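Record features, source TrEMBL:
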type	residues	note
TRANSMEM	22-41	transmembrane segment
TRANSMEM	48-76	transmembrane segment
TRANSMEM	96-114	transmembrane segment
TRANSMEM	126-148	transmembrane segment
TRANSMEM	210-236	transmembrane segment
TRANSMEM	256-281	transmembrane segment
TRANSMEM	430-450	transmembrane segment
TRANSMEM	479-498	transmembrane segment
TRANSMEM	510-533	transmembrane segment
Amino acid sequence: MTFSSEVLDEGMKPNNSPQRLLIRKILVLLGPLVAVPLLFFGPEYRCLFSIIFLSTYWIGEAFPIGVTSFFPLALYPILQIVPSKQISPVYFKDSIVLFMCTLIMAMAVEATGLHRRIALKLLTKVGAKQPVMLLGFMCITSLISFFVSDTACTALMCPTAVALLMSMADAVQHLKEGDKKQKPPPDDATVAEKLRLDEMAPQDSGFCKAMILACAHASLIGGTAIITSTGPNLVFRENINKRYPEGQVTMTYLQWMVFAIPPMFFYLIASYLILVCYFMGPSTLVRWFEKPTKEEAHLKKAVEKNIQSMYEDLGDISWGEKSVFTFFVILIGSWISRDPGFTSGWGDLLPHKNYLSDSVSGVLISCLLFVWPKDPFDPIDPTAPILKWTDMKSKFSWSCTLLIGAGYAISEGVDKSGLSQLISCGMRKIFIGMSSIPLQLTVTTTIVIMTEFASNVSTGSIFIPIALGVAESMGVHPLYLALPTTVACSFAFMLPISTPPNAIVYDTKVISMVEMIVCGFLLNIACIIITSLNMNTWTYFIFSLNNFPENISISSSNSSYPVC
């Protein structure tokens, strides 16, 4: 249950053979060739070709992720999908600025060692039993995601998970070799190299993978619980308020929590079971209830003692750690209080609160980190800041930022080319005439597939109005289709391009593309089933979805889905 002392044989190390590289080159060539016929049709089909092209390169890892992310800047103008002047600004949208700010904050946490202190403190409380630690970490991450964006949550919790895993690995190493020190990894080493995954037993390396991927899963799942937590939820609220101004259909802050929190726990349990079974084996769940052997108990006790010793060796909390923690609390507080949703926020103090977004406070705090002293009592250089610009050049994940920009570029192309309207009209033709439960399952599954290739906000912006309109036209309660459509936008678990949390954990190089796709696919299926059960049991009776709301008038001006 703790990190074992076994080491993988040389033959079990990752295989980067010439055959594997040859397969990647073949993928580069054949992927676009298969989709070439799409180029001879309209812009929506040329956009579909671009998506296939980019997906093939990303999955096959033919180029570095950041390099592949530049392709929309060339493909869209050449294929006459989106002009160059329109697609370029997408790579520096407000949400990307917010993402950069969260990465800078995470760098500051790492620079001061605060993440290591938090990780060791957490380890001293929960012990070194892997399944318990994983579940506890996922619950904490989901709770944080209630109040901050899933991107910010993942960017802050991922370094904490890495520090926690490294602390455990160091404790086991100390137990095995005493005070003998290994050569430290270079500064530019990936997280996988720092953890020395290739030297771990399969059970331990699987636990590391599960912990890292859990950061993304738990952040995305936690974001479904509060109506202000994530973009699609806000899009849903905006559509409800705009479409039903007389209150025929309502959704308050508390009503959303009643709907979303119960299934959130089941989403979290499903993710936990999938991660444990896939990376650590189903037998891990059985061994959780078994009494440990004397050897396992001795190893667990020794590791916990070593972890406690390592925490005590950190000494008193430093000025830099206190400063970063304070900035972190201020930043989270500003995000929560700017526009809480159930009361007025500090954004209402300004004449035009729509000028503000979460990136504003993020930029201010990020700038302070480059001037705030790391240790003003240092006799050598008391003015040395917490972060330096050299850190941005050497440690900042530019490839991850470009990857997210490419995801937004794809969304822009889907919208501008007419591909979104083509999909929307096809959905309406399929939906008309279906009974309620198959209709709901079809809608949820379609949204889950779409949100893997487009941002969750753009997916929600396109499909939430369609779901409301289709429900009205079929005499079904609008919430019956709109609620699963909204939460399904957050089920982007499969690809790094699907959502920033996935990109963050993939950038650690701990998780492979195939591992992310398989776990994400299984979790998508589980979430679709859980959502359907929730909508047809708990939510169905709480919101009286069997009764169609009165006084709903459908007119062409109120119908916001495209005319087919």
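Glycine is treated like the rest: Cβ placed from N, Cα and C.
Most Cβ pairs under 8 Å to the transmembrane segment (126-148), among the stretches 48-76, 210-236, 256-281, 479-498, 510-533, belong to 210-236.
Note on the transmembrane segment (430-450): residues 423, 459, 462-463, 467, 470, 473-474, 476, 480-481, 484-485, 488-489, 491, 524, 527-528, 531-532, 535-536 of its chain, located 6 or more positions outside it, place their CB under 8 angstroms from a CB of the stretch. Counted over residue pairs 6 or more apart, the CB atoms of the transmembrane segment (48-76) and the transmembrane segment (479-498) come under 8 Å in at least three pairs, which marks the two as touching. Ranked by the number of CB pairs under 8 Å to the transmembrane segment (210-236), the listed stretches 256-281, 479-498, 510-533 are led by 256-281.
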